[in-house]
């Protein structure tokens, strides 16, 4: 029996990174977690690292500013997965260029998964500013990966359930509203809602799979392809409470960007892409893409219905 690939996870204490670490350990991969020396002053992250260590992970100290430490870490594994923070923290995405250089020098990596996990940046040339900067930076990382001929898989995980299912896609809210809910336009634009733990499982499933080599893997669980209105209706049925629905036009929604912080403007522009334009599901997967739930039907993914039960 072929041995499982050794996996290095960069950003393993982050929101999605911790799920990938958990999945890697659960699926039997020798798991390594890169951590920066600055982390030792953060008690919560240290506790998380020690918990992973207790479960079998190996901790490797390295820094984006220390090329040799990165190369040394990369040489110990077969696969590198980056889950560094994106969003308005754009410098973290571009720091992956240093990781690409280390992987290129090490020369032993069989697969690299860069930090994407949201909308496919390769399809977002039209994206609105300032939210487009996230996609621009991710494309720069892709270009570096491909120029270095590094075997890779890009992952488009769509909407993280923890951020938007509970809050019914209300900006700045992650728990269900009790009285009213804003619907974007008519609320009927289809989106894809994915449990973060499932993102971790699908990611680890993909790293040794030849079907995902040098392709984009889209995570589209069929039962979770739902409009915002459908998600709201599911919550109303589950909770037994009706909400006052307020439709907001695209013009009024975008007018709300004025006077907001840079980070909030990025969030608003991403909501526009998802819930007005429908950029999560307004395209067919092409020959350079694959779909996770079709590749791995054995994964019992979490449906939106069952995810919502935790909020009762």
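Cβ atoms are placed via backbone N, Cα and C, with glycine included.
Classification of residue 138 (active site, proton acceptor) by DSSP places it within a helix. Residues annotated as active site, proton acceptor in Swiss-Prot: 138.
Listed in sequence order, 33, 35, 39, 45, 48, 49 are the same-chain residues at least 6 apart in sequence whose CB falls under 8 Å from the CB of residue 13 (NADP(+) binding site). The DSSP secondary structure for residue 13 (NADP(+) binding site) is coil. Annotation source Swiss-Prot lists NADP(+) binding site at 11, 12, 13, 14, 15, 16, 17, 36, 45, 142.
Reduced to three states, the DSSP call for residue 270 (substrate binding site) is helix. Residues or ranges marked as substrate binding site by Swiss-Prot on the basis of similarity to another entry: 270.
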- Query: Roughly how many angstrom lie between the C-alpha atoms of residue 15 (NADP(+) binding site) and residue 270 (substrate binding site)?
  - Reply: 18
- Item | Euclidean distance between Cα atoms of residue 11 (NADP(+) binding site) and residue 138 (active site, proton acceptor), Å | 16
- Task: Could you tell me which of these recorded positions, 45, 138, 270, has the greatest number of Cβ atoms within 10 Å of its own Cβ?
- Result: 138
- Integer Cα-Cα distance in angstrom, residue 270 (substrate binding site) to residue 17 (NADP(+) binding site): 21
- Task: Please work out the number of neighbouring Cβ atoms within 10 Å of the Cβ of residue 17 (NADP(+) binding site), leaving out its own Cβ.
- Result: 24
- Query: Which number gives the other C-beta atoms within 10 angstroms of the C-beta of residue 11 (NADP(+) binding site), all protein chains shown included?
  - Reply: 24
